[in-house]
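Straight from Swiss-Prot, the features:
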{"type": "CARBOHYD", "residues": "ASN79", "note": "N-linked glycosylation site"}
{"type": "CARBOHYD", "residues": "ASN161", "note": "N-linked glycosylation site"}
{"type": "REGION", "residues": "579-598", "note": "region 'Disordered'"}
{"type": "TRANSMEM", "residues": "42-62", "note": "transmembrane segment"}
{"type": "TRANSMEM", "residues": "109-129", "note": "transmembrane segment"}
{"type": "TRANSMEM", "residues": "135-155", "note": "transmembrane segment"}
{"type": "TRANSMEM", "residues": "165-185", "note": "transmembrane segment"}
{"type": "TRANSMEM", "residues": "197-217", "note": "transmembrane segment"}
{"type": "TRANSMEM", "residues": "241-261", "note": "transmembrane segment"}
{"type": "TRANSMEM", "residues": "273-293", "note": "transmembrane segment"}
{"type": "TRANSMEM", "residues": "312-332", "note": "transmembrane segment"}
{"type": "TRANSMEM", "residues": "356-376", "note": "transmembrane segment"}
{"type": "TRANSMEM", "residues": "409-429", "note": "transmembrane segment"}
{"type": "TRANSMEM", "residues": "442-462", "note": "transmembrane segment"}
{"type": "TRANSMEM", "residues": "533-553", "note": "transmembrane segment"}
Amino acid sequence: MTVVVPEEGLDLESQPDDRMRAKALATSAAELPDGYYRSPRIVASFAAFSMNVVATYFVLQASASALPNILQDVGQSENSSLFSTLWTTGQAVSILMMGRLTDRFGRRPFVILTHILGLVGAIVGCTATKFNTLLAAMTMLGVAAGPAGASPLFIGELMSNKTKFLGLLIVSAPVVATNGLSPYLGQRLAIQGSWRWIFYIYIIMSTIAVTLIIIWYYPPSFAQLHGKKVSKREELAKVDWIGIILVIAGTSLFLLGVSWGGQPNNPWNSAKVIGLISSGAGTLVIFALYEVYGKPERPMVPPSLFKDTRGFVCILIISSIMGSMHLSLVIMYPQQVVNIFGSSLKNWEETAWMSATASFGTGAGVVVLGSLFHLVRHIRWQILVGAMWLTAFLGAMSSINRDNKNSAIALSVMTGFVVAWAQDITMLLVQFITTDENLGVAFAVVAAARPFAGSIFTAAFISVYTNRYPRELATHLSSALRGTGFPQGSFSSLLEAAKSGRMEAVNALPGMTTEISSVVSQAMADSYTASYANVYYFAMALGVIPIIASLCMRDLDCYLTDHVPHQLYDRKNAHKDVLEGNSESQPSPIILSMADKE
């Protein structure tokens, strides 16, 4: 049996020697050694990546949910909105850098270095006594989150095309189980113990993960990718350093500006926000022009990717927009739970459990739909149905009000059911259409575009909500107070207190009674209901885009083959040139004949 290599991969102008070695390193599932996927190096590496993914998203979600308690300990800060933003920005930059660099220098050094950086960040976090120190820790942890965000690549490239999702599912299974629990555990640790244990847990898990990586994870090395005639110094000279500087600066400035904007102390028209967004956007425009017209030898984002409109471009659009729709769910739904159902929930634990139902839905969808992906086939129709499903249930989420709590739980689960599955599919599909020597760079563009697009639409979602709520509140409050005897002259004071969202401020007003307070609480919940409905209408409108993109996408079923792009090697064989015939994994006769002709 010969190696199955897709013939129509995106041509990113690879060197002939690199293309030949990529084909030599590839194999098919049938040609792998017996028991390969049960070998210690595979089991240990998969366990390490699984542990890293769990630790990575646990520290983010748990610390974000415990942020009010953390601020009580280290002191309040006007930069509290940056806590998660710096993490997200760090991960986006890390994944984008990972793409081209690991294609050229190998995955192993990047994975080990980012794990070590994560340990340093967690140590800084667990010892922090000032909030700015915590921000530095979250930045380091965000950059260290690159391997977790790139796990569909690192695991997918070790599996055959038709079993990539099963491999990813094995690694993601613990994440599915813990994803919804992380916010709850973060609050419980902060309330009943110490929030610093969030970072301690990360340190424990990440230490085990990096130990397993160092011992067992040996993907193709620099020598295997390029042979022994090419030096790392020569490759470093070809790195697109100008592109790296431009994309890091542009992405960081733009994401910070978008995330900061709309805050009470940073309105959208403030000089700080306008300056960050405009300078970031301008830098990214310069980056794009440089990549197209500067013609770097190893561009960070090859312009030729975008020539494949029915393949790469459609995948990129679907991933970015559905990721943004996912954000509308995971950001807005927990706020809905607090603002609409807060008065009817018994305690913070019940609130935390109800807020996690959307996450439980995403986990269930990954397990159920991911297991069937390669069996159902008809890839673009699967994505089309998923996009229509998500759009329909996001629209249904607009019907949530204070009288249908059970419906809210059910709808949040059903809405989340397809969203993580759809995002994972796009990050696997991009590996189908790319030649094996360029898997990282194509994957990185798709993976990094999600947080970038997500930050833009998140700002838009929040802007829709914050602009709508005061108007809805004035209407509902005025209607609810008729006949209650509340003084008309005090209405403006009541309106301002209600805008804060705090019932303590409402109850502190002169002349406030228990009955009127209850009426105000219900009016506030109804105002929140109407405001969030507009956000879901917006998200539902976005759903038309991935629906159209999935219809335009070409049929990719032909790529569901036994082709395996890369393998893990024994340590003693990890630096041997496969074309010299002394590697543990021998190239196929076809590949050797190609090498002889050269």
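Cβ coordinates are placed from backbone N, Cα and C, and glycine is handled just like the others.
What you are looking at is a predicted structure, and each value in this text was computed from that prediction instead of being measured.
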Ranking 165-185, 273-293, 409-429, 533-553 by Cβ pairs under 8 Å to the transmembrane segment (42-62) puts first 165-185
When you check the transmembrane segment (273-293) against the transmembrane segment (241-261), do you get at least 3 Cβ pairs under 8 Å, counting only pairs 6 or more apart in sequence?
yes
For the transmembrane segment (241-261), which partner among 197-217, 409-429, 442-462 gives the most CB pairs under 8 Å?
442-462
Provide, as an integer number of angstrom, the distance between the C-alpha atoms of ASN161 (N-linked glycosylation site) and ASN79 (N-linked glycosylation site).
44
When you look at the transmembrane segment (312-332) alongside the transmembrane segment (533-553), do they share 3+ Cβ pairs under 8 Å, ignoring any pair fewer than 6 residues apart in sequence?
yes
If you count other C-beta atoms within 10 angstroms, which of the glycosylation sites ASN79, ASN161 is the most crowded?
ASN161
Per DSSP (helix/strand/coil reduction), ASN79 (N-linked glycosylation site) sits in coil
Long-range Cβ contacts under 8 Å made by the transmembrane segment (312-332), restricted to residues 6 or more beyond its ends, are 10, 305-306, 358-359, 362, 383, 386-387, 390-391, 394, 397, 412, 415-416, 419-420, 422-423, 426-427, 429-430, 433, 442, 445-447, 449-454, 456-458, 461-462, 465, 532, 535-536, 538-539, 542-543, 545-546, 549-550, 552-554
In terms of DSSP three-state secondary structure, what is the assignment for ASN161 (N-linked glycosylation site)?
helix
